[in-house]
Each structure stands twice: as C-alpha cells, then as structure tokens.
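Asker: One structure, as structure tokens, below. Some questions next.
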C-alpha cells in the first residue's frame with residue numbers, strides 16, 4: 001500500500017477505514033476531535049461568542065424537539081415529563097418509525113435507531129438542493145458511526161429537479177469506491193400517494209476541503225503540506241478513474257464537494273449534478289458547476305456535448321488552489337470568468353477556433369475572437385512564490401488546457417510522475433460495468449417521483465447501513 005500523509009506522521013494505508021464514533025473524521029489539524037478549541041491565532045472574544053451562540057442553538061433545538069414531534073405525528077400522549085422519544089406510527093415504504101426534529105427551522109424525519117439527542121445533532125449546511133445534518137447510528141455490523149442525513153429540498157418541484165434527485169439516489173447506490181461517498185440509507189416517512197420528502201444518508205466523511213482552505217485563509221497559517229496536497233490530488237484522480245470508467249461525469253468538482261479525515265483520506269461527495277455519458281445526449285446543461293471551477297468548453301463552446309474531460313479542468317483548478325490557498329479563477333460572471341482563464345492559459349489558437357466554429361457556429365467564434373487576445377503564461381513563473389515541484393507544474397499545465405481534446409485524461413494523469421510515490425495500479429479500480437441511469441427519456445415530475453419511490457423501495461442496505469430496530473436484515 002502507498003503511504004499516506006497525515007498531520008503528524010505517514011500512516012501505512014490509503015484504503016479508507018470505517019471508524020468508530022470515538023474517532024470521528026476531522027481535517028488534518030492538531031485540534032481535538034471531541035472538543036471545540038480556538039485555533040492558535042483565533043480572536044478569543046470571537047471564539048467565545050461563537051461557543052455561546054452554539055450552546056444557545058442547542059438549547060433551542062432541545063426545546064423544539066418535543067413540540068415539533070407532537071405537531072408532526074399528532075401524538076400528544078407523553079409517558080412522562082422527561083420523555084422525548086416521540087416516535088411516529090410505522091410509516092413510509094418500509095413501515096419504519098420516525099422522530100421529527102426541528103433544526104434551523106427545518107423539520108427532519110429521523111428514523112428510529114438514529115441518535116436524536118439535541119447535543120448529538122449538528123447542522124452541517126445547506127444549499128439550493130437540500131440541507132444536511134450530522135448524527136450517529138448503530139450500524140448492521142455493530143459499529144456506531146457518524147452519518148450525514150441530507151433532506152432534499154422540494155425534490156419534485158419540476159421535472160428537471162426531480163430527475164436530478166433520481167440521478168443522485170441512483171448513483172449513490174451504484175458507487176462502490178474508497179474515495180467516493182455511497183448511500184447507507186435512503187428513506188421517506190411519506191406514503192406513496194403523498195410522497196414529498198426524500199432523505200439520503202451517507203457516512204460523515206469529515207470536513208470539506210473548502211472549510212479547510214478557508215481555515216487557512218482566515219487564520220493565516222498553512223494546514224496542508226506539500227505531501228497532503230499530493231495525496232489529495234492522487235485520491236481525486238483515483239476516484240475519477242472509477243467514475244469516468246463507468247461513463248459518468250461528475251460535473252460539480254469543487255473543494256466544497258470533497259471531504260477529508262484526520263488521516264487525509266478523501267471522499268468525493270454530492271453526485272446531484274453527475275450524469276451518464278453512455279448515450280449521445282444534447283441536453284447537457286451549461287450552468288452546472290460552481291463557476292470558478294468550470295472549464296472553458298462549459299462556459300462557451302461545446303456546451304451541449306462536453307465530456308468528462310471537463311472534470312479534469314476542475315481538478316486543475318482545485319490543484320492550483322491547494323498550492324496557493326486561493327481560488328484560481330474567481331470570476332463574478334461568465335465573461336469575467338473566461339477573461340481570467342485566457343489571461344493565464346492563453347486565448348484559443350486557430351486550430352481550436354476552427355473546432356469551436358465547426359461544433360457551434362461562426363457567431364460563437366466571432367464572440368470569442370472579440371475578446372482581448374492573451375498568450376499563455378509560463379506556469380513556473382506564475383506559481384514560483386509557492387515553490388511547486390517541476391512535476392506539479394507539469395501536471396497542472398496538462399490539466400489546464402483550453403482544448404479538451406488535448407487535455408490530460410484521468411488514465412494518463414494517474415500515471416503522471418508527480419503521483420509516482422502513491423501510484424498502485426492494482427489498487428486503482430475501474431467500475432466493473434457501465435452505469436445505466438435510465439434517465440435520458442423525458443418524464444413528468446410525477447413520473448420521476450414514481451421512479452424515486454421505486455429506488456427507495458428497492459434499496460439494498462449495506463453492512464455499514466444503520467440498523468433498523470426490530471427488523472430483520474433485508
């Protein structure tokens with residue numbers, strides 16, 4: 001096995017371990033896993049204020065549990081004044097019991113067997129597609145694990161959104177890789193005729209790379225060493241090799257969708273924007289990624305037929321940010337984004353302009369030609385202040401290429417000299433089959449809802465899935 005960098009030493013395996021709750025995942029820092037402590041350079045008063053706010057939030061959450069559970073279940077009968085385990089009657093496709101808990105004014109249905117104590121639940125964040133909390137549960141293999149519960153936001157609002165939910169629930173069941181998150185549970189408390197809420201449970205994989213990079217910027221001290229950076233890049237490529245071999249494009253690679261443990265084990269998260277490339281499809285959308293990590297062909301040309309090489313561009317943006325600590329192309333809107341890209345990577349040459357015209361139109365070519373022309377800069381000069389290795393610069397130059405047909409592939413990248421110390425071909429798996437998502441046909445939002453219901457009904461739990469009390473393993 002290749003060695004793995006950590007905050008204080010180099011452990012011996014890069015295969016992800018399923019850890020007990022006593023050793024929760026955390027970023028590679030020397031901060032305690034079990035106590036909230038201020039960083040060395042953190043302002044004490046600010047930290048104390050944040051701790052008081054967190055305690056107040058926990059107190060409010062505790063007060064809301066009983067009230068919201070009663071409202072959601074209609075059960076006003078209490079065993080005693082201290083009783084807080086108010087469970088619904090068996091409901092949903094598998095007739096499970098739930099406790100309804102209010103977190104940040106959002107009601108979460110948490111299945112029986114999961115920890116619902118106020119101090120055990122943590123709100124991790126939310127976005128346009130859902131909200132995520134962290135708790136723990138005893139799993140089928142007997143271990144108690146930290147898990148992340150994602151409640152999808154308005155999953156069946158329209159056909160486009162409903163198809164996205166279907167893809168994510170489908171892919172999280174298909175993915176089986178050390179560096180890729182997978183579904184440990186998929187459930188709903190609703191009945192089929194009133195199916196509205198979808199929950200997906202995954203392992204809690206640690207803090208996001210975005211949070212770690214932000215910590216570096218906020219506290220003014222570097223957390224990730226050169227060895228960390230190299231190992232992170234290797235693991236992303238290792239995961240992309242598997243994803244791309246299944247003819248899947250992730251489409252949303254960014255620091256916020258990557259998580260790290262204390263041992264620097266990496267997991268790719270959130271497959272809500274991923275999709276299959278198995279069949280020719282002209283419905284690939286332009287505005288899928290966070291703009292800063294979008295490839296030029298996603299921003300302007302080939303917007304209907306870009307390939308998984310767009311993921312490789314995103315990897316280049318992430319690699320550069322790992323080196324410098326700052327986003328590489330922080331554009332405010334598409335035109336500004338494109339200008340930032342060409343200022344570093346150069347404007348399209350005649351060969352690429354011809355491809356753009358052939359694949360799109362002369363009008364698109366004319367627009368691109370109207371921008372200020374830039375020559376590609378010397379990456380060694382641009383990044384010299386950060387003392388990167390020659391191999392790092394060489395890989396970065398091959399990732400950040402305007403013409404996707406000349407961009408390095410994942411199969412080539414994993415063999416690059418920069419990653420030689422971690423490369424282990426026999427432990428860099430490909431998918432054993434092409435993933436057919438059955439999502440290319442147009443459907444109504446109700447038809448997509450029916451498809452998601454079937455995914456929940458047919459979900460096969462893993463050995464690491466939370467145990468359902470009193471129910472035989474399925």
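The backbone N, Cα and C atoms fix where each Cβ goes, glycine too.
Owing to the predicted nature of the structure, the values given are computational and were not obtained by experimental measurement.
Straight out of Swiss-Prot:
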ACT_SITE  252  active site, proton acceptor
BINDING   124, 125, 126, 127, 128, 129, 130, 131, 132, 150  ATP binding site
COMPBIAS  1-13  compositional bias 'Low complexity'
COMPBIAS  30-48  compositional bias 'Polar residues'
COMPBIAS  52-69  compositional bias 'Basic and acidic residues'
DOMAIN    114-419  domain 'Protein kinase'
MOD_RES   285  phosphothreonine
MOD_RES   287  phosphotyrosine
REGION    1-90  region 'Disordered'
Asker: Give me the non-local Cβ neighbours of residue 132 (ATP binding site): same chain, 6+ apart in sequence, Cβ-Cβ under 8 Å, ordered along the sequence.
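Answerer: Result: 123, 124, 125, 126, 148, 149, 150, 151.
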Asker: Check the domain 'Protein kinase' (114-419) for me and report the mean pLDDT.
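Answerer: Across the domain 'Protein kinase' (114-419), the average pLDDT comes out at 90.
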Asker: Name them in sequence order: residues not among 124, 125, 126, 127, 128, 129, 130, 131, 132, 150 whose Cβ is within 8 Å of the mean position of the Cβ atoms defining the ATP site.
Answerer: 151, 153
Asker: Could you give the Cα-Cα distance between residue 128 (ATP binding site) and the residue listed as 'active site, proton acceptor', in whole Å?
Answerer: 14
Asker: Counting Cβ atoms within 10 Å across all protein chains shown, which of the binding-site residues 126, 130 comes out on top?
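Answerer: By the 10 Å Cβ neighbour count, 130 comes out on top.
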Asker: How many Å separate the Cα atoms of residue 130 (ATP binding site) and residue 252 (active site, proton acceptor)?
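Answerer: Computed Cα spacing between residue 130 (ATP binding site) and residue 252 (active site, proton acceptor) is 15 Å.
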Asker: Do you know which of the recorded positions 124, 128, 252 has the most other C-beta atoms within 10 angstroms of its C-beta?
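Answerer: Buried the deepest by this measure is 252.
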